[in-house]
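As recorded in TrEMBL:
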type     : residues  : note
TRANSMEM : B:12-28   : transmembrane segment
TRANSMEM : B:40-60   : transmembrane segment
TRANSMEM : B:65-82   : transmembrane segment
TRANSMEM : B:102-122 : transmembrane segment
TRANSMEM : B:129-152 : transmembrane segment
TRANSMEM : B:172-193 : transmembrane segment
TRANSMEM : B:226-243 : transmembrane segment
TRANSMEM : B:263-288 : transmembrane segment
TRANSMEM : B:300-323 : transmembrane segment
Amino acid sequence: MTVALFLEQILNGLQLGVMLFLMAAGLTLIFGVMGLINLAHGSLFMVGGFVCAAVAAWTGSFWIGLVASLAAAAALGALVEIIVIRRLYDRDHLDQVLATFALVLMFSEGVRFVFGSFPLYLDPPAFLSGPVTLPGGMLYPAYRLAIIIAGLAVAAGLGLLISRTRLGMQIRAGEADREMIAALGVDIRFLYTVVFALGAALAGFAGALIGAIQSVQIGMGEPVLILAFVVIVIGGIGSIRGALVAALIVGLVDTLGRFLLPTLLANVMEASAARGVGSAIASMLIYLLMAVVLVFKPKGLFPANA
Amino acid sequence: MPEFVTEHRLNILLALILLGGPLVAHFADEPFLVTLATRATILALAGVGLNIALGLGGLVSFGHAAFFGVGGYAVGILASHHQTYEPLMTSPFVINGTNQMLVLWLVAVLVSGLAALVIGALSLRTSGVYFIMITLAFAQMIYYFAISWPAYGGEDGLSIYVRNAFPGLNTLRPLDFFLLCYAVLIVVLLAQWKMTGARFGMALQAVRQNEGRVAALGLSPYRIKLAAFVISGMVTGLAGALYADLNRFVSPTMMSWHLSGEIMVFIILGGVARLFGPVVGACLFVLFEHAFGSVTEHWQFFLGAALLAVVLFARGGFIGLVAGRVRHD
């Protein structure tokens, strides 16, 4: 095991981490402001991937695809909020889970109906398709590095949006006391639609970026959604900062666990058994991490409204 | 009071319909319909298990497919060792595989109960939306473990070549196996009915309504909820054991989060906290799947639309529509 290989795995872990942050940030915002648990967030991720792949194939430009996926996810998010989600805010969590589960079924079949059952493929833009040489002489795919940078830039932008703008002020006020800001004359229904569309756009953006690494297929958002839940539980529901820290931790632990555990276990058992046991334990590692956090900090690392 | 009588009579009627339908199908020589009813019966049992936690205790678990799958794998693993005559383990003592359902069920219930104890002990430290996400995440952990653990088939699953045996029955005959599953369902429903009226059931419903008061009475809400969660996981695990024998196959899909969602759907379609809610819901689900699945490959879209309509506009589910509201609450 060389240092270069180890560094590459750390970068891969960061890339997974920023991806999870884009998903978790939307989920945690929507929960923080509207008190809603949204299982259909993974579907918006999937829609982002499909729209980007389809538009990029049609126009020949990844960038037009990316913009289209952002617009499509945001528009779809706003539409779903107005038609369905709005009716769920004063319902209990069971109704929210079931209604958004119903949306997952409808979105998956709807996408299958529109795009067919076969996966789509999306190429990264030409100037990002090769490797870049990092300081120290290591080669790393330029596109993955671009994802890390884009993700961190979005995180910074989101932080500024929430702490510096009027919309951000309303979002923070909405998290603290919904009735009060409605009484102060803020159009709370419009604010909810904007927050939901913002979360949807983040998910669609993540789906479009990931689409150029994996194949774009039905159900691609579901594993990411559940990982994003783990991130939120570890980071603390409603906390953007917690989501960022936890997303990076989960991304690194998952990637490094899959890389290191089989190798480490090979020191104490024979190689083929070590590979089997190692990969089995590595797939459970982040959930075990979540269990440990729950034992010591049941409200997550950065509890919101503490 | 009269409304309760209505639900009571409705339950007896439903139990008779679920028994009569497959009997008619059997004598009309339609074994496929008997198997379809068996599937509905087993899924109903899984829903009954979840309803103990969700309906009575208000614990919205989104991870019950894990217990369903653990129960199924307990049967699959022991049956596969029986097929190959290789002991499951030899030290410190010998454990052989078996094909006796009674033993398999016992093991499935114990193992899924143990899984529910560990997951419940951790998850019940939280509540509300955290609890939903955490039960979902732990179920996903077991799902990924089953996929990446190569010894018992991994992602491909594990076949049970001959359906396991029950004394006095030929389980290979569809009607015999249906009657067995039906008997298990009815016994569990009777036990749940007794439990709901007993002290533990009363305490559990009190915890759902007002945890603080229960604690003030000197009871421990945590322990009551944990006990309910374990019982709930055991019943769903038993359903998983039957499901393994129905399909003669277990695979990680038994633990997928879609199945957790579907078990929850049975309850909402039938009526939350109603004794026969999951039974009605599972039957409606299987009928819906059968009816629409043969017409369009996009039947899940219509399932989603129907579910959305029930959640938004028909709270109380089928039994709520027919028998009216629950008396108290």
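Cβ from N, Cα, C; glycine included.
Note: the stretches the transmembrane segment (B:102-122) and the transmembrane segment (B:263-288) are not in contact (fewer than 3 CB pairs below 8 A, sequence gap of 6 or more). Using a Cβ-Cβ cut-off under 8 Å and counting only residues 6 or more beyond its ends in the same chain, the transmembrane segment (B:12-28) has close neighbours at 34, 37-38, 40-41, 174-175, 178, 182, 186, 189, 276, 279-280, 283. A contact links the transmembrane segment (B:263-288) to the transmembrane segment (B:40-60), because at least 3 Cβ pairs that are 6 or more residues apart lie under 8 A. The largest share of C-beta pairs under 8 angstroms with the transmembrane segment (B:65-82) comes from B:226-243, of the ranges B:129-152, B:172-193, B:226-243, B:300-323. Within the same chain, residues 15, 18-19, 22-23, 26, 31, 34-35, 37-38, 41-42, 44-45, 48, 51-52, 101, 162-163, 166, 235, 238, 242, 245-246, 275-276, 279 sit at least 6 positions outside the transmembrane segment (B:172-193) and bring their C-beta atoms closer than 8 Å to a C-beta of that stretch.
Under 8 Å from some Cβ of the transmembrane segment (B:300-323) lie the Cβ atoms of residues 3, 6-7, 10, 265, 267-272, 274, 276-277, 280-281, 284-285, 288-289, 292, all in the same chain and six or more residues away from its ends.
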